[in-house]
Amino acid sequence: MKRIGVLTSGGDSPGMNAAVRAVVRKAIYHDVEVYGIYNGYSGLISGKIEKLEIGSVGDIIHRGGTKLYTARCPEFKTVEGREKGIANLKKYGIEGLVVIGGDGSYMGAKKLTEHGFPCVGVPGTIDNDIPGTDLTIGFDTALNTVIDAIDKIRDTATSHERTYVIEVMGRHAGDIALWSGLAGGAESILIPEADYDMEEIIARLKRGHERGKKHSIIIVAEGVGSGVEFGKRIEEATNLETRVSVLGHIQRGGSPTAADRVLASRLGAFAVELLLEGKGGRCVGIQNNQLVHHDIIEILEQKHTIDQSMYRLSQELSI
């Protein structure tokens with residue numbers, strides 16, 4: 001294999017640039033040319049493709065977002081769209097592709113694999129919801145962004161003796177809510193993977209108030225429901241002054257943490273190794289700090305699960 005491509009797709013995550021950098025430099029180290037595909041699968045269809053050199057990925061390892069830009073592309077879900085993409089890959093002589101993104105991006109890589117085109121998926125999403133890997137690129141940075149916000153909100157919550165509901169990202173996965181809630185000392189954590197008892201949450205807040213607690217923090221993953229609505233229900237039921245903070249897209253931005261930069265570098269380079277070994281249709285990950293790879297079709301058939309022991313711990317510590 002003498003020429004590969006790389007693209008970022010779906011929602012951006014801090015560390016994607018570090019992964020792109022690793023792909024480019026690892027490939028060039030092995031005398032393999034690399035072509036960057038801009039705007040994800042949309043750029044693959046439209047032909048927004050250019051050759052990348054070592055200098056093309058200089059000064060990006062510390063930057064959030066993605067140099068290659070990203071987009072969602074419904075057209076790639078059609079046979080016609082994929083045929084256009086494959087035609088462009090052939091036009092540029094690209095023999096293998098590294099796809100950096102979440103499960104939607106993996107689905108595109110799966111479709112290309114079924115067309116006989118070698119692809120390797122690299123998990124890039126703040127949601128940490130890709131099976132087959134302990135961590136995804138961007139999760140640690142997003143987690144630290146949320147914890148920083150929790151700490152600052154707790155300061156003002158204490159000053160005004162208020163309850164705060166903080167809504168974080170996670171439509172289908174509660175990892176950001178669970179990890180940040182545990183690290184931030186939240187009184188309650190609501191995630192999509194677990195049922196919640198509103199009466200118990202209210203009772204817990206009342207018990208805390210009765211023993212002199214001056215403030216409370218509740219973390220709600222967006223997939224559970226509106227943080228604003230939870231705030232209204234809590235204030236009505238407890239008569240405690242309650243405020244809501246929806247963190248939103250700030251969770252996707254920012255300079256990646258050292259952990260994300262290292263993870264992205266390892267996974268990006270490993271993806272290139274697999275392509276050069278002729279192993280397409282795979283996706284990479286890290287488990288117990290060891291690099292691993294799996295069949296991408298099998299991973300897409302699996303469902304992300306929450307760490308139940310961590311969830312139990314969060315409940316035990318929030319009494």
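Every residue, even glycine, has its Cβ placed from backbone N, Cα and C.
Here Swiss-Prot has ARG21, ALA22, VAL23, VAL24, ARG25, GLY185, ALA186, GLU187, ARG211, LYS213, LYS214, HIS215 binding ADP, and the candidate from ARG63, ARG154, ARG243, ARG252 in that same listed site is ARG154. Take the ATP site that Swiss-Prot assigns to ARG72, CYS73, GLY102, ASP103, GLY104, SER105: the candidate from GLY5, GLY11, GLY170 listed for it is GLY11.
For the pair ARG72 (ATP binding site) and THR125 (substrate binding site), the Cα-Cα distance reads 14 Å.
Each residue contributes its Cα atom, and for GLY102 (ATP binding site) and LYS213 (ADP binding site) those atoms are 41 Å apart. Fewest Cβ neighbours within 10 Å among the recorded positions ASP103, ASP127: that distinction goes to ASP103.
Working note on the binding-site residues VAL23, CYS73, MET169, ILE250: by count of other C-beta atoms within 10 Å of each C-beta, VAL23 ranks first. Binding residues for ATP (GLY11, ARG72, CYS73, GLY102, ASP103, GLY104, SER105) extend across at most 13 Å, taking the greatest CA-CA distance. Least packed by the Cβ count within 10 Å, out of the binding-site residues ARG25, ARG72, ARG252, is ARG72.
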